[in-house]
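Notes to accompany the following structure.
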Amino acid sequence: MITTNEIRRSFLEYFEKNGHRIVPSAPLVPQNDPTLMFVNAGMVPFKNTFTGLESRPYKTATSSQKCVRAGGKHNDLDNVGYTARHHTFFEMLGNFSFGDYFKERVIELAWGLITKEWGLDPERLCVTVYHTDEEAFNLWRKIAGLPEDRIIKIATSDNFWSMGDTGPCGPCSEIFYDHGPEIPGGPPGSPDEDGDRFVEIWNLVFMQYEQVNAETRLNLPRPSIDTGMGLERIASVLQGVHDNYDTDTFKALIAASGELTHTATDGQFKASHRVIADHLRAAGFLVADGVLPANEGRGYVLRRIMRRAMRHAHLIGAKEPLMYRLVPALLSEMGMAYPELVRAKALIEETLRLEETRFRQTLANGLKILEDETQHLKSGDTLPGAVAFRLYDTYGFPYDLTADALRARNLTVDQAGFDAAMAEQRKAARAAWKGSGEKASDEIWFDIADQLGGTEFTGYTAEKGSGQIIALIKDGKRVETAKQGDDITIITNQTPFYGESGGQKGDIGVITGNNDLKMTVTDTQKPLGRIHAHIAKIEKGEIKIGDDIQLQVDINHRNRLRANHSATHLLHAALRDQLGQHVSQKGSMVSAERLRFDFSHQKALSDQELAAIEAEVNQQILNNSVVTTRLMTPESAVEAGAMALFGEKYGNEVRVLSMGSCLNDQNEESSWSVELCGGTHVSALGQIGLFHIVSETAVSSGIRRIEAVTGEEARLWLVGRDRLLRETASILKAVPEEVPTRTAAILDERRKSERALADAQKALALANANGGQGGNNAAPEKVGAYQFIGQVIEGLDPKALRGLIDENKKIIESGVIALITVNEGRASVAIGVSDSLKDKISAVDLVRKAVETLGGKGGGGRPDMAQGGGPNGNEAAQALEAVKALLEKA
């Protein structure tokens, strides 16, 4: 059997004899690329060569590059140990041409290596090409003699590679190995392509274009080649196994782990041994390349990798620090190819030993407290359940570990007392939950959390992943199974689906599984803040608790959520920048369609302020700076300048999002926005695309609200407004630029016409009051002891009634004037009383009588002038009669 070391060596030697320079692996920490946490692909060290920023003394190269994918978008950490091909550390074999050979030569070299040098059966190989790349399609037929049905055209981005929004790019061609029909799965491009039967072993990237901008792509004057072959994958193929962890290197590390812990390497401990083997490689190489455990950045990623392995070491029963004792096995397998491992042996061992010792301190603290609590007990005694619960609740010391520790001393734990203490805590928590206004039916989540714990969220760096169903809820009750057509809530042990929290709506997507299972996820909630509940409908198939499933987030929906959520952070920073540091977030809502942001401010924002805020946010988007995430304690985060967001609850560890750039008080570049946030975000601000404010309103006293859209929604919103503007311009028979002035002129003419009409109506009413033609019995008449003018006027602006009352008072020196105008069925009434009579007669009393007749309520004013109205304009004449009747009694 060919070993992994022999495969690596034969790959490099093959390309060396074909004119390539063997280039040693670059360190895992990128030397000239601040956008990357770790080198994660073979081409990374050559990036500046491909872009023309640097030159090399050779035109072709080959390498075996160390890579780590445990942070950023290439995060495989959560799947490691549970799948056949996920790793944190891996080696990428590659050959590169910097303007030398192109498609034909790279296909010749690739086919020659895998079929002639390594002897792979051509009948087990198929390739993919980009759907428009006819050149590559024809070359595969010519060079490899592959039939057309094994040259698969793919139209997705899987077969088109780009370095970013701009820069070198081009189509890809991937080589797949067929493990045979006994392995589930279909060829690439088929519905079941995610199965394990067809495995990609080599990706050939044809860099032939320069992406200038979103609309422009030019041919490169010197096309280049970048290829990548995962060493672990090709080793599994050449060694005749279907699982990378069954290859020689991993088998040796796993065997060492089993030997040191005296445990079986399969069965219940299989995944744990695999995690330890993989993470040992990652930790060893990272320390050798200068990364040390820390609470942020690369050091924090290393610490996560280490502690994940150390947790699994504890699970398999390791009583002492294990990881550092596995370093000799790592050097035995990989030290020859990577002498830096040998040089750093002492540092690697000491770093692992110290970190595991510190990590185990939590357990040690718990055991010490347990010893203090049991020193007075004798053989056969029982530890009170309340003590065991305090160990669990306060110190995180599991009940099972307490029981195991006491068993050796012939002591037991009062489990009933422990359960009672646990139940009492649950009761208190549920009472608090009910007191918060939540539905009583939500108690079901406490049962699930108590029995199964929370859901592990893997979606910060992944949109798809595997999971196991641990609970099902249908019609508010837990069930064991569900079938096609059921509306079901699914809880899994882990998920990439974000559950609604912190103002951000939940993810949607698809869940698939065996036997063509398909479920559509329409929402994801997060009850109790730690369970991810997938709200779904079963489109096809059946499910039961314990089923393994695949979860795929709707990437378009997720990306829109990311853009809107990151935009709220930028908006917050812009508001503080433009309005002052008094601005703080008071609430938010982030959906895929839009965002809403509530903030403290005492007055409405001017158009100029809104424009400045919008411009500042869009400038940060155009700058396209990278968004960075650090995991820190809340105290450290606040000390670092992070703002805590309204309504968020923070645990012992928080995510700190930094985005944008600005100059600080020391004239140094710093992040524009630094906030604590648990939501999902873009990786670079340019992914937001565009930001546009659609409204600014008041929520309550001192609280304002901005609603905005981003990306495609912003574009569509602006397109819609542009269409309305053009339609308005067409109606006005003007060009769009003239709409404001033309509209202002029309409104001015309308105001003039309305004033002229009001003046004419007023003049007519006065003429009637003077006994002119067309009068409506409006001449003064005697009512009781008083002079009275009463008139109903159709269509008069109610605002003109008061002035008309004053004009009529000049006609009668002492008396009462009652005027009613009717507009669209509604009546408005005004009554005036001469100054000489206001002590005897109140205009307010008279108006209220008229308003009552008109079907209204109230009415008010002064004794000499009062107004009111009612909906029954057809009762206007009767209202005047009611006023006269009241006046006769006065």
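Placed from the backbone N, Cα and C atoms, the Cβ positions cover glycine too.
Annotation comment: Swiss-Prot describes HIS565, HIS569, CYS677, HIS681 as Zn(2+) binding site, evidence class sequence analysis.
Each of ARG562, SER566, THR568, LEU657, MET659, GLU675, GLY679, THR680 belongs to the same chain as HIS565, HIS569, CYS677, HIS681, is absent from that list, and has a C-beta within 8 angstroms of the C-beta centroid marking the Zn(2+) site. Across the binding-site residues listed here (HIS565, HIS569, HIS681), the residue whose Cβ sits among the most other Cβ atoms within 10 Å is HIS569. In the three-state DSSP reading, HIS681 (Zn(2+) binding site) counts as coil. Around the Cβ of CYS677 (Zn(2+) binding site), a 10 Å sphere holds 24 further Cβ atoms from the protein chains shown.
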